[in-house]
């Protein structure tokens, strides 16, 4: 999403699934959850935006760009299809 560069920074709230200081897994899971949510409910579904804000706050831009490219090519490792 192009809004990333214009949106204000914010701190992501606590998530009990990721109590460790290292938030790499939280970043990955939020990216996957966002795309799963969008595939099931559509981009305008407000709860999906929580995952979008989380992964944009936690994940390095290089990772996001790489994952976006992988999704476009159909080689993304995560399961983002609706179950």
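From the backbone N, Cα and C atoms, a Cβ is placed for every residue, glycine too.
If you draw a 10 Å sphere around the CB of residue 27 (disulfide bond), it holds 21 other CB atoms from the protein chains shown. The disulfide bond annotation in Swiss-Prot covers 27-59 (among others).
The annotation disulfide bond is assigned in Swiss-Prot to 37-48 (among others) on the grounds of sequence analysis. Within 10 Å of the C-beta of residue 48 (disulfide bond) we count 20 further C-beta atoms, all protein chains included. The DSSP secondary structure for residue 48 (disulfide bond) is helix.
Sequence annotations record features per position, and here Swiss-Prot assigns domain 'CHCH' to 24-67 based on sequence analysis.
As annotated by Swiss-Prot, phosphoserine applies to 82, with the evidence given as a large-scale study or a structure entry.
The annotation motif 'Cx9C motif' is assigned in Swiss-Prot to 27-37 on the grounds of sequence analysis. Per-class residue totals from DSSP over the motif 'Cx9C motif' (27-37), listed helix then strand then coil: 11 helix, 0 strand, 0 coil.
Per Swiss-Prot, the feature motif 'Cx10C motif' maps to 48-59; the stated evidence is sequence analysis.
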Distance check, please: Cα of residue 27 (disulfide bond) against Cα of residue 48 (disulfide bond), rounded to an integer number of angstrom.
15
Who sits close to residue 59 (disulfide bond): which same-chain residues at least 6 apart have their Cβ under 8 Å from its Cβ?
27, 28, 30, 31
Show which residues of the chain containing residue 37 (disulfide bond), separated from it by at least 6 in sequence, have their CB under 8 Å from its CB.
45, 47, 48, 51
